[in-house]
Amino acid sequence: MDEHKTPLLSNDQSSSSSSSSSVVASSLKWVLKVVMSVIFVTWVVFLLIYPGTLGDQLVTKWKAIFSKTLYGLTGSLFVIFNGPILLISVLASLYLIISGEEKVFTKKKISKFPRLRLWTFPVLVDGPFGVVSAAEFLGILVFFVFFLWAIYAYALRNLSLVEKFHVLPDEKSVFLLEVTGMRFGMVGLLGMVFLFLPISRGSVLLRLIDIPFEHATRYHVWLGHTIMAFFTLHGLCYVVGWTIQGQLLTKLLEWQANGIANLPGVITLVVGLLMWVTSLHTVRKLYFELFFYTHQLYIVFVVFLALHVGEFLFSIVSGGIFLFILDRFLRFCQSRRTVDVISAKSLPCGTLQLVLSKPPNMRYNALSFIFLQVRELSWLQWHPFSVSSSPLDGDHHVTVLIKVLGGWTAKLRDQLSNLYEAENQDQLISPQSYPKITTCVEGPYGHESPYHLGYENLILVAGGIGITPFFAILSDILHRKRDGKPCLPSKVLVVWAIKNSDELSLLSAIDIPSICPSFSKKLNLEIHIYVTRQSEPLLEDGMVHKVVHPSVKPKQTNGCPMSVIVGTGDNIWSGLYLVVSTIGFIAMITLLDIFYINKYNITTWWSRGLLFLVCMVASVLIFGGLVVFFWHRWGHKTSQVEAKGNKKVALNVEEPHNPSAAELKGLEIEEEDVQSYTTMRYGTRPDFREIFESLNGKWGSVDVGVIVCGPAALQATVAKEIRSHSICRSANHPLFHFNSHSFDL
């Protein structure tokens, strides 16, 4: 632990045994970090040198050792390419278990030179990558150098093959085309080692480095574009070579028993190109459903890739795919449960508020999000929404705010309107025709640790509906201040830009004075609101936050709370799920080799590739499914025990209610408090340079956490000012740390 840090909250009655256990836990975590770092660096170095002669020699020696074992060449490649990442995943699970649920936040001594954090300092703010932190820039640079090095190394090896096989001059061009195509395909496979890791929503690896799924998704996008470019060049080289030979159609339709099967490769490339084209930003933005449905063809892509290259080469990329299958099956198990909607209402600005039931033992942090499905609207579409409620708001509910922007959200608004009308005509509507809202939920997902609690000074920048996750942050901080729980933030500045003043009704989603009545004594809170498309306030602007629309409570049909079976849930169960499934996969491969492949001398590449993939899926379904079954039973019993311990708690207690006359009278007093820390500006946009400069005298030389939730243009503007401010800052100026929270799925 850092000797310059002291606990924010001390416990004078803590025993020596608890202190010693804390030391042991910290030591174990340090050892695990070192071991995982060494494994990861060694693995990355191996991948970097693999395209060269040295890497080829190392793999040849490794294959010679493993060829004498039961697993043969396939096992050798699987261990060297995927063993490290699977081992890191297991160790990461152990690390998270040791870390436990509660995070200890520490107060740092004021330093003349605040720390520069690679993950939060923006280096690039414009361009195709969007806002890129220093750590991300280093990662991009490593991949860029690797791909250039791989092309160069393989080009040298191709030329040496021409001399080695004494290729005739007339055949040299075709030979080089085919060998070059093979090399491009190999580079694409090496990139696929990482492709599926960022899109495993509950991935233990993402939780280990504390990168939420919605942020990691863009790594998948970057890798996907690069890999498909190499796969396209791979196919193009072969097509040109076969055309020169006059064997194009024959070669395209070939399905060899031994060696690479061409036809499955053609299908893989066509499917990959279809997913690639529909995932381009313009297409995804204008035709999201087209992108969504075509991206489900990843199953076809993976299956035919295994048929194309066989188990020998498919084992190179199987580690990331296996972790993705683990995550996908867990998400499937969670999303089958229908979740009770405690209440639903429409705010004056048209934004919808849903309050969903959750079990008391479900853990999540502020800045989390869920994927929501409404079966009356679509059985296939899942949409991400930020959670606007804090984990401390209540044990039995999660709240989301949904802005009506497209067809799906418009249908949801209409369904709520039908529900409201049906409640007023309850006696006239038959049960069969009564409108319903049947919801299913995946998640919550988000940061492993509460990022917002790690800074004494916070700036929250939101655009429009982007204010939603900041309600959860403010509520979390206020609850902690009120209850005396660990909480670093003492100064919070909220900068909110909206187009029209009707969006002010979103403020009714949080009641700050009721959460912490004397909050001004415990937290220095400022809210600056910029109404960009109005030059002056409307008469009703001062009252808009007090308007309360009637809520509806949908009639439930065998619903229940959200399932605790989620990758970001219980660390012990998720770790057990990973370990048991991995052991099951190895056991199934072993049994398959002993009793089928070796016994009957199965040598067909494509069939062995398919069997390898089947073992991956079957191990998750059988062994992982067994763990999920007991996990579900445990969650059910735990919920029952907690419910018995607090019989007075009921779902409708947490439902938002209409205030009485006395409560409305109280709201007038609270309004004075609200206006005291809220500043309204009309007809202008926030000037972040001015805002940051104004904080120099107020906050001095400190680390400042800046969280931005809004469109890409807003993120880029804030990041640009943070970068210029940090570069030109003097010793007594604060250092800003950038973190974005947005969805671009």
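Easy rule for this one: first residue shown is 1, then count along the chain.
Yeah, the Cβs are placed from backbone N, Cα and C, and that goes for glycine too.
Copied over from TrEMBL:
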DOMAIN    334-451  domain 'FAD-binding FR-type'
REGION    1-20  region 'Disordered'
TRANSMEM  30-50  transmembrane segment
TRANSMEM  70-98  transmembrane segment
TRANSMEM  129-154  transmembrane segment
TRANSMEM  175-199  transmembrane segment
TRANSMEM  219-240  transmembrane segment
TRANSMEM  260-277  transmembrane segment
TRANSMEM  297-326  transmembrane segment
TRANSMEM  576-597  transmembrane segment
TRANSMEM  609-631  transmembrane segment
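Long-range contacts of the transmembrane segment (576-597) within the same chain: residues 70-72, 75, 86, 89-90, 93, 204, 322, 326, 330, 608, 611-612, 615-616, 618-620, 622-624, 626-628, 631, each at least 6 residues beyond the stretch ends and with a Cβ under 8 Å from a Cβ of the stretch. Secondary structure counts, DSSP: the domain 'FAD-binding FR-type' (334-451) has 27 helix, 38 strand, 53 coil. Long-range contacts of the transmembrane segment (260-277) within the same chain: residues 224-225, 228, 231-232, 234-235, 251-254, 283, 294-295, 297-298, 300-301, 304-305, 307-310, 605-606, each at least 6 residues beyond the stretch ends and with a Cβ under 8 Å from a Cβ of the stretch. Non-local neighbours of the transmembrane segment (219-240) in the same chain are 129, 139-140, 143, 147, 177-178, 180-182, 184-185, 187-188, 191-192, 194-196, 198-199, 248, 251, 265-266, 269, 272-273, 276, 279; each lies 6+ residues outside the stretch with a CB under 8 Å from one of its CB atoms. Away from its own ends, the transmembrane segment (129-154) comes close to residues 44, 47-48, 51-53, 116, 118-123, 180, 183, 186-187, 190-191, 218-219, 222-223, 226, 230, 712, 715-716, 719, 738, 740 of its chain (Cβ-Cβ under 8 Å, at least six residues beyond either end).
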